[in-house]
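First up is the structure itself, then whatever we jot down about it.
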């Protein structure tokens, strides 16, 4: 950050010029770059330790030119009209500064001499840049506001310099400058205004870009009226205007324009739209026909090209025979061999392409057959027997196709055996056809094996289903027999009192899983009915051996008869 040097001495006096440069520790040089003093000793100057400098080098002034950050910045003495600035000690650390406020254009300058005037401040700092205002205080500091932000950095370069007014050594005429960033409301306001302006420009630019990338809006839809309805009906009948008219009709229907009064008009327009379906289907069929014709034309043209390639390759094969080959030179033979190989490669590529087209056609035909077979399966019964029959029919059809392929392969083999063993184009074509048929034969065999496995699997499933059906029928019959035999084997003279006693005893014994004696049971029943006796209870328990059973528990003198509830055990065994 350079400040221009204001040298007060005249340039016409070489002695004064040499003395000033000697004081700066530089070799005295003339305007042309020649040394003025031949016996110059750099060690006698004031600024010892500073390497000699050429004053005519570019950028020499108050501040050095911008240098790289890796090189240290060397501060020098600055001479002004009414003062001199002496640089700080280079070994000291750089002066501390506060964080730079956004949009800062104002600096704080402290350490001014007591006798410093505003004119002196302008003289020192105006060389950094244009000054807007200076606010000087009585306490040896001031605030300087510049026009541009980058001039603040130039002013900070003067921080640490010692100021001396003229040649006076009075304390009031000296001071050490301290320059730092200052926070001013005017700077912040201008910075905020500039940021808002940039934000507005960015929003405007983004809006323009979005408008440019946004797809165009569709044309507006006319409102419904009787006149527009009649015109729309005519447009629907026109093929060129149908797309636009049907969009308007869709919008009207979505808006809810249909009512009882104009329902007939809408019905007629919808009917006109429906009539275009046949036209669209005809167009689709025409396009499909054109595509098929183009495919057929391409296939025929490719076949014709392949025939011509075969003829060319045959010419090369004929030329490679000994009766013609011996008459060519070595270079000609090399070219003929190279051309023959290229022609064969191109011929093989076209042949593979033609075979791929035929293979795709056969695959499409097989897909159509499979779809027909699936449709027939869906139309038949969905039971396993119908599936087995369909698999058998498919197996028979595949076997017939397999036999046809085998016959074709055998015919090709016979034709190849009868033909001469010479390598010709027809032989290669037959070989390719033979390999294609063999691949198709292998695929058919795999498919046939898979169908046989499916057939066996379905037959085993049918057998398993039949066995399970027989088992279920036998179980149902046994249950029916048991149900029929139950009333005859367990017929008892049942009364309401006996049923209630049986239910109470069952509940009582169910909560006593280890059983209870007849006395304990009777004591419980007598709380409910005092007329019941032990003999009656024991008779009732003995009549239902499937529900109640008597067991002996204990050893020796503690032997005791206990009744237990076993109704659930009977159900489990059943």
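Note: Cβ is positioned from N, Cα and C throughout, glycine not excepted.
Whatever TrEMBL says is automated annotation, not expert-curated.
Among the features that TrEMBL reports, coiled coil is placed at 270-304. With a threshold of 8 Å between CB atoms, the same-chain residues lying at least 6 positions outside the coiled coil (270-304) that come near it are 233, 236-237, 239, 242, 246, 249, 350, 353-354, 357.
The annotation compositional bias 'Acidic residues' is assigned in TrEMBL to 363-373.
Annotation source TrEMBL lists domain 'RRM' at 105-184. For the domain 'RRM' (105-184), DSSP puts the residue distribution at 18 helix, 28 strand, 34 coil.
Feature annotation from TrEMBL assigns region 'Disordered' to 363-384 (among others).
Look at TrEMBL and you will find 413-432 (among others) tagged as region 'Disordered'.
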Review point. Mean pLDDT, the domain 'RRM' (105-184)?
Key: 89
